[in-house]
């Protein structure tokens, strides 16, 4: 009996129904709830699993490098990055038949291949890789690192190498290691790579292990560093006529503040990027040494937090008690980490297209669209996760006595005001935005487009003007040619910035109008509503007006009838579940907006977006329907083409998405009856009744069925949009 799944819970292992399997899967990673768990084992298991996670990441990236080196066309792409389509890997068995083989043979390949829309070619090219041998070397190196991490993970589970709980709770040493050791040193190392390998590579100089000690990255070597003449490293930058990867028009500078973009590659100057990483390294190396570790100097985190009490006395006890609360709660720490990582991931999406760092990636439109959408979806899932673990913190780890009148307690005291304000903002945004869209829609339908309500986003335009955009005629700050800031910007700092802002060949400070104003507020509605649901879920996790006693019911209690006033949809889990739908909805609006605006920019018909985005039918007809034409083609006399796989995925994504509703809109009793009927029929059917099972089949619980429904909804939604995005963009631009 002891060997039945799940081994971590004897109670579940003895459950006679299929609930054993589902609950086992659901709680496999909830280490806190496992039998015989101690705080020490909990921390050690999580620590060891981090090494496994890193090993998988390095193995995966190694696989990317290996497959491109083996089956890709990196070397021919390097010769002509704008016209050769980068190959991700070969397709072993293209479906169906000879037409498929022909459709997928592209990018100069001899057989069927997949095109890469991940941007790895541009990244590898920018950082100095040039040959397949370079890629193989990188793949082997990462494979080696992966093995090291696997060994390290195993090692830290051995009795002699297991760290103690006190080691895990030593916050200052961890800050020292993470800030200085990981962020600081890795940023410094990356600066070194850019200066010693990537920048010479961009100037046609091939630096590798055999010659990197002989090639001076800068003609004056380390002289300017030791004599304090650091400005010499910025002199003689690459010229505007520089051809990337060659010495033609190249300079000698290694650390610059040029601003703007390299005219040929449309990406940030590599010397600016190196300078940025050096600054980051300096900041983090200093930051990591501000806290008191073994030497008795520096700040104590506990003292810092306890001293953070707002003067005047009307705002409570500030951060008092937070140190122990955070340091003893893994859920709080995970919540903070996820919130930070989620914001950073969304910022990556925003900056990868507006300030592209990799050579020629800005001209690879499908890759730009794929990377933006990918990072926004990832950010959404990570950010909702932050609130989920925040709610679990309140249920499992929050101690009211320890946090009396501090910022956490005051958040709970004021939760009604917080929730009602968020609710008001969401209602205001929703009704006004929808009202404008619907009004405009009706005006178009009745043939009186001039009666639309069109609002110019003057505040946003003013902000863009303040940063140097001249087309609105605001004549303020950096867009005012007579101002001191403008004149300083021509010479002292970032001289390329103003050119970049006012050029139409990039996505920096796009011109905005009434369509942008409306969709901006639609997105604001989505963000505020998602936040409302998540914040309410976390703040009401321990107890709410309807049910003040939630603590002992945990995170995901199900509907429990009318007792205690009814518990349907009031667990923290239910709030998270509802918020994910709103998150997906919001990111849908964000990506629709980004994609449609960029498609019209890239095609040179931006007036289509401007005119059609102010009413609902415009979005449905001129964005969704018009761009899905290649995906809803069905069978035609011309046979298949290279977009057929996306057409199939578009259909399949809709199917998966629709299956979600089968779990979301049905009652548990219906499933239980269906299961009983099927089991009864099975047991009375010859041959079939030879197969028996030990577990009595029972329907999923309400919470489980919602999870299965949500998973299908999310996966189907993303599959559908991914197929639409890649097919509609690559169909137009290759």
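From the backbone N, Cα and C atoms, a Cβ is placed for every residue, glycine too.
Feature annotation from Swiss-Prot assigns [4Fe-4S] cluster binding site to 559, 568. Residues or ranges marked as chlorophyll a B1 binding site in Swiss-Prot: 654. The annotation chlorophyll a B3 binding site is assigned in Swiss-Prot to 662, 670. For 671, the entry in Swiss-Prot reads phylloquinone binding site, with the evidence type sequence analysis. The feature transmembrane segment is assigned by Swiss-Prot to 46-69, 135-158, 175-199, 273-291, 330-353, 369-395, 417-439, 517-535, 575-596, 643-665, 707-727.
Locations of recorded Swiss-Prot features on the structure.
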residue : record                        : DSSP class
559     : [4Fe-4S] cluster binding site : coil
568     : [4Fe-4S] cluster binding site : coil
654     : chlorophyll a B1 binding site : helix
662     : chlorophyll a B3 binding site : helix
670     : chlorophyll a B3 binding site : helix
(message) Using Cβ atoms only, which residues of the same chain lie under 8 Å from residue 671 (phylloquinone binding site) while being at least 6 residues apart in sequence?
(response) 699, 700, 705
(request) Could you tell me which of these binding-site residues, 559, 568, 662, has the greatest number of Cβ atoms within 10 Å of its own Cβ? (result) 559
(request) Sort the binding-site residues 559, 662, 670 by C-alpha distance from residue 654 (chlorophyll a B1 binding site) and give me just the closest. (result) 662
(message) Please report the distance from the Cα of residue 568 ([4Fe-4S] cluster binding site) to the Cα of residue 670 (chlorophyll a B3 binding site), rounded to the nearest angstrom.
(response) 18
(message) Within its own chain, what residues at least 6 apart in sequence put their Cβ under 8 Å from the Cβ of residue 670 (chlorophyll a B3 binding site), listed in sequence order?
(response) none
(request) Measure from the CA atom of residue 559 ([4Fe-4S] cluster binding site) to the CA atom of residue 662 (chlorophyll a B3 binding site) and give the result in Å, rounded to a whole number. (result) 19
(request) Would you count the other CB atoms within 10 A of the CB of the residue listed as 'chlorophyll a B1 binding site', including those on all shown protein chains? (result) 15
(message) Can you see whether the transmembrane segment (369-395) and the transmembrane segment (575-596) are touching - at least 3 CB pairs under 8 angstroms, only pairs 6 or more apart in sequence?
(response) yes
(request) With Cβ distances under 8 Å as the criterion, find the stretch in 330-353, 417-439, 517-535 that has the most pairs with the transmembrane segment (575-596). (result) 517-535
(message) Which residues of the chain, 6 or more past the ends of the transmembrane segment (517-535), have a CB below 8 A from one of its CBs?
(response) 384, 387, 418-419, 422-423, 425-426, 429-430, 432-433, 436-437, 455-457, 460, 575-576, 578-579, 582-583, 585-586, 589-590, 592-593, 613-614
